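**Q** Provided herewith is a single structure, encoded as structure tokens, for subsequent inquiry.
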Amino acid sequence: MEAQYSGVGSIPENSRSSHELGIQDQGSPQLRIVLLGKTGAGKSSTGNSILGRKAFLSGICAKSITKVCEKGVSIWDGKELVVVDTPGIFDTEVPDADTQKEITRCVALTSPGPHALLLVIPLGCYTVEEHKATRKLLSMFEKKARRFMILLLTRKDDLEDTDIHEYLETAPEVLQELIYEFRNRYCLFNNKASGAEQEEQKRQLLTLVQSMVRENGGKYFTNKMYESAEGVIQKQTWKKKEFYREELERERARIRREYEAEIQDLRDELERERRRARMEREFNENELIFAERQQNARREVENTSMIYLN
């Protein structure tokens, strides 16, 4: 059975604004996705299916295998696909302080803001406990975040020959209301799928995400926390790049001192030229090393646990 998904609900043009929707990101080389949901919903397996590789630990377990927010990256359709897996931070028994801490880390990993927030819920019995966890999750985001949310229903294979529309007609009313709240944006996933089936459901999900991004005017979700995080990240990235630049200068000075001391004691001009050539090679090698460090400075900052937001 092919993966099924609904179309994206229409958003009236006059109801959109930069403040409500976020910041324009048309032509972005990135597509940033956050996986949200209760422990055991299948977030990590879903992330692996989307990325096409095992980036996150996953398994059948009553306790969350994912302990902190983690990021995986791959390339899809010419874009850098960034997927952030979250632990069961919205489980009803998780303290709000722990939830807030991981939200802060998630913000750092997806700054300047995610294009899609995927709420992962397994098909089957949608319990009162699961509904409470969902409401806790939604309460952590402003209402505008709904425009960036997609309901991702895992364990699609449990449907067997049952049509998804028939299933949803008999689903709990609160689940039907959730689909309506997400403007009828939902997608089915079989995390046991492989090969062509896995690629097809991934394609359909990411097509739905891109369709939603277009409906949102090419914008990504942002709020004051994201704006604050981006400011912190940019500042720390600049500091790290400056540190690497100064470190390169110190390394060049050290290399020059050592070689010039050697060259000064040499009487053979040919040997002097050899040492100068060797010194230039070391200069070039060090420049390449530090250029790569500067290029990766932002990623280092994003992955650090030292980003704190007020």
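The backbone N, Cα and C atoms fix where each Cβ goes, and this holds for glycine too.
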**Q** According to Swiss-Prot, which of these ranges is region 'G2': 29-33, 64-68, 219-223?
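**A** Residues 64-68 are the ones Swiss-Prot records as region 'G2'.
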**Q** Can you identify, from 110-113, 154-157, 246-249, the stretch that Swiss-Prot calls region 'G4'?
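**A** Swiss-Prot lists region 'G4' for residues 154-157.
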**Q** With Swiss-Prot as the source, identify the stretch among 77-80, 85-88, 201-204 annotated region 'G3'.
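**A** Within the set 77-80, 85-88, 201-204, Swiss-Prot attaches region 'G3' to 85-88.
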**Q** In the same chain, who gets a Cβ under 8 Å from the domain 'IQ' (233-262) while lying at least 6 residues past its ends?
**A** 108, 111, 275-276, 278-279, 282-283, 286-287, 290, 293-294, 297-298, 300-302, 304, 307
**Q** Determine the mean pLDDT over the region 'G3' (85-88), rounding to the nearest whole number.
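**A** 79, rounded to a whole number.
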**Q** Taking the Cβ of R155 (GTP binding site) as the centre, count every other Cβ atom within 10 Å, in any protein chain shown.
**A** 17
**Q** Going by DSSP, is D157 (GTP binding site) part of a helix, a strand, or coil?
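**A** Going by the DSSP assignment, D157 (GTP binding site) falls within a helical segment, counted as helix.
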**Q** Take the Cβ of D157 (GTP binding site) and count every other Cβ within 10 Å, whichever protein chain it belongs to.
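**A** There are 15 such Cβ atoms around D157 (GTP binding site).
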